[in-house]
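Lifted from TrEMBL, the feature list:
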type	residues	note
REGION	28-56	region 'Disordered'
COMPBIAS	32-54	compositional bias 'Acidic residues'
DOMAIN	54-179	domain 'Peptidase M16 N-terminal'
DOMAIN	210-388	domain 'Peptidase M16 C-terminal'
DOMAIN	678-813	domain 'Peptidase M16 middle/third'
DOMAIN	924-1024	domain 'Coenzyme PQQ synthesis protein F-like C-terminal lobe'
Amino acid sequence: MQLNVGTSDKKQYRLITLDNGLECLLIHEPPTEEEDEIEESETGSDDSSDDGDDETQRAACAVVVGVGSWADPEDTPGAAHFLEHLLFLGSKKYPAENAYDGFLAKRGGSSNAHTDVEHTSYYFDVLPGAFREALDIFAQFFVSPSFNPDMVAREVNAIDNEFNETRRDDAARLDELLYVAGAPAGHPFATFTWGHAESLRHGDASAVAAVKALYRDHYHASNMKLCLVAPAALDETEAWCRESFKHVRASPSTCPAGRWRRTSWDAPPAPLAPPFAAGASALARVAPARDAARDLRLVWPLPSIRRKWRTRPCDLAAHCLGHEGPRSALAQLRRSGLAAGLVAGVSGDGVSDSVACGALFAVSVDLTEAGVARWAEVVGCVLAHARACLRELCDDTLGRLSAELRKVERLNFDFEEDGEVDDLVEGLAALMLAHDGVDREHLLEVAGGCLLAPFDDDAIEVLRVLADPTKCRVELSTAAFRGDECPPEVPCAPGCPRCAGRGGFHAALAKLMPAKPPPPPASNDVPATWAPFAHLATRRPAESPQIEPRFGTEHWTAPVPPSLIEAWSACDDWPALGLPAPNAFVVDAPLLKPGSTKARPAPSNEEEADAERAARACKDFADAWRRRAGGPAKKKRKGKPSSADVALSKLVEGFPAAPDATDAAPALIGDVWVLPRPDRFELPTLYVRARLTGSSKPTVTDAATLQLVSALVADAVAEDLYPATVAGLDYTISAVLDADALALSLKCGGFDEKVPALFDALLRGVRRAADEVVEPRAFAAAKSEVALSLENAWHDADRHARRLRLCCLAPGRRFAPAQRRAALQSVDAVACQRWLRNFLDGCSRSALVGGNGAADAARSVDASLRTVSTVATARTCGPVARLPRCHAYHVDAAGEDAEGRACALECYWQLGPDSPASRLLADLLEAVIDEPLYDQLRTKEQLGYSVSCGSRWTDGIVGFGICVTSKEAHPDYVAGRVDAFLREFRREVMKPSFAEDLVEHGAALALRRGEKHRSPREVADHAWEGIYDGRPDLFDSHIVEALACGSVAPAAVRAAYDRMFGLGACAPADGAACCAGKLVVRVVGRAATFAEGRGPDGPPRAPGCRVAYGPAAAGLGVCSDAAVVEIGEALSEFWGANDEACCLGRFDELE
């Protein structure tokens, strides 16, 4: 069957069904015509590259099974989620528990899975040369999983950790409350889908039996769909697919009985009793987990819409109510200072758009501080907007809206940019299930979001439901509902300078993270109609709360007062509400303009020399790898080739012939960088990236004011520019606070015909914010929203640890959220506008224009920018604290969430100034360490759900970091386990076999670095990163670093490992200066409790910084007796602008 494809889609598709009934969609992306011509001229052959790695950067596969959490046995909630975890732990053919993840890690791959309520998805991506073997390992998930009993208890703990990670997430808490309220116990809608240790009975025999029964009943061929994309020819991938998946069980003739059931394997799930059968009308007041929250959500249950994929009836209401134009509810609420954001529609979270239980349409509103007391008025505005749209709908207006959206979505489909391949295959496989009933010829169109038919009466009926206040569930979550009982702060240790009344570290810490100032008084100008209901949001109810049983959420749910229903029904306070106006940003017929794949124009002598050296490196690349792997003798060995030789052969197949085969680098034309559209992208899209950079060293007030300015500008342009986002364009306005100087970032993109006008509109919004008087209510709303975001910025322990590390490394330039929030309180409208004028008077500009017609568009962009600034930016990186060798800096802090249990450990080792060599080393270490670290600390030791490592780039300084978040282990204990892992893993690094492992990791890294970007947006963003970071070498960094992989010897990596982590001969000692300086940040949850044997090393320490050097700096442990010092005094040495010394030496010359 032929699938309908977009105009620019060059991929080939094939649908097949295996003998066992498994339906598969195979995708092949052939090389472009241009690359075929290049290959022919270089090789003298017209042999196409169906068997190579030419242009497909990744191969990927997904299998989606038509069963999810709603099929959990009633006595084992979480069983489907548990099953998902267990399938990763080995099979009969590949019994090693880490066979799958370990294989992918060495070949540049990754994997994931998620359990929805009606289906479960499994997917992976990998470098093309390893796809065949990865596919076979993956297939065994569905053929013969081992269900190893030795690992069951551990995975139950992993699920428990995953649930605990989510317990403080307000969105998840609110959703769980909705599910419990929507149906009685025993109904699938009320299923506890997460699961935890208790619900899974700690993995006892009965729980495992329930999981195996779920697998037996539902994991078979006709209840699965497979989708893959690979560089090999379709005939070859079909053969692989048939061979690996032929042993998947054929489906039985009958479907199993149960609460959630199927009538046949080619039919959708059987309908269930709809949720909220007695009516959804209710007012739920919910205590949030965050210290600051102002959330309002309206929810309406609807019949299922999944199988109405041609007309998508909920899209009309989502478009009208979610619009931000002048006649929208959000525009009116912004002008009144009551709301900062509004989102409308049916979420794709599985529950909200289920087949069996129907849909849930929601309108979520971000209230301002003034809007909290006037929440009832906000609800009235939303309902009034639905009624206004209904009044204006007729055949003509409905036809206009249908035609407009269909045109936009068809253009987006025809010229869609490629995204991540794992997202592609997972989305298509899920859509192939019988749940949606999508005709195969329309599969790609539906996946691409096309509206295939005009809106009909179903769409109007949805609006009628939304206009009825008696059918709406109202959920209100504000900080006023939180209780007063909060755990005490972590006490200071005896002798703490702060407690003794002296200065020391705590004085600096108080400046960095001052106590939260009291919020300004809320507005009391509540209209008389809504005044009787204000207290429902501003005070905690006197009666005892109801407790949601899974997350422990406090709430007060009761019927909506009849007087309030009557007030909402009669609300006519918003006469300006109505349907969206015709969209002026819709493009008629996008046209391609000449592109370019040439190297930089007029290269300098130095650039020509670099290209010549890189070409020589390409030629010598394979020899370098073979020498590192043990010499050419391995190539001659008979029998099965070594894994190093296999990796090498794939590397040589896919590696570019020379550096100039990469995309062109941007050229500076005038004051704007111009990046032509590569001819391989036949897409009429254009992207503009620009910054206005301040001229002076920032203060904390400057940083807070710039954040407020960006919010004001975004609000000011929203009404005019929201239609652009509907028409397939996008834009962002944001404050850049982490550079050497403050900057206002402006980004936009989409169809090139409209992008220059969109960018000019953004700049006009900036100028208006500086020149025109700001409406007081709009200013108060923007200031309230910025203050709220700052108050919640460090709510999560892992983010707190990362950001605190950055504040320590860049003192005086990076300011903590509490510090900015305190400064924001003194900024009024007059001061804000005066600051913006001064900022624009002295700012400099920088910009990049990339994509279709970039050269012509650059002139328009440059002209627009010159109306704001006449000075071009000369970007430099700000000073970064230098961590002396053999020194360890330990920073302790208490979490910001008063009831948070999570603790975070961030370990940072500083390598030195940025260079291709230091970046490559950090990335190689990540490739070597990442999977074993995760396997040991997360999978085996179950320290926490989040374990990661990777390179760190801080304003021109490269480092390496390990981060672990845990709710049952103190950071001291986690640090000890990280220490133990690094020491133990050193044995693997020192083994002779490590040379072969390094070939595999290096080959995978080289291929990843040599990948071309998959879309014009990626090309533009990569080039812009090099420009604003002051790193023009990043234009070609992917090819430069790929070539450098061949120069890294195993001995160099071993030496670097010891030097960075202070092991072996490089262990810290008196007078030694051979190991990297490190910074260890510990954030301890205020309500943290620890499992037995996983607590702190000693008595609680006072928050602060402690320094160790010499032998005391060994490992990651901290001496509690060490003196607390001020951050500014401890980290007073900075890297120089021309400092090229690296603590790791010339690792690339070690043999």
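Glycine too: its Cβ is placed from the backbone N, Cα and C atoms.
Just so you know, TrEMBL annotations never went through curation; they're auto-generated.
The DSSP breakdown of the domain 'Peptidase M16 middle/third' (678-813), given as helix, strand and coil counts, is 73 helix, 25 strand, 38 coil. Within the model, the domain 'Coenzyme PQQ synthesis protein F-like C-terminal lobe' (924-1024) carries an average pLDDT of 89.
Taken through DSSP, the domain 'Coenzyme PQQ synthesis protein F-like C-terminal lobe' (924-1024) splits into 62 helix, 19 strand, 20 coil.
Secondary structure of the domain 'Peptidase M16 N-terminal' (54-179), assigned with DSSP and counted as helix (H, G, I), strand (E, B) and coil, comes to 61 helix, 22 strand, 43 coil.
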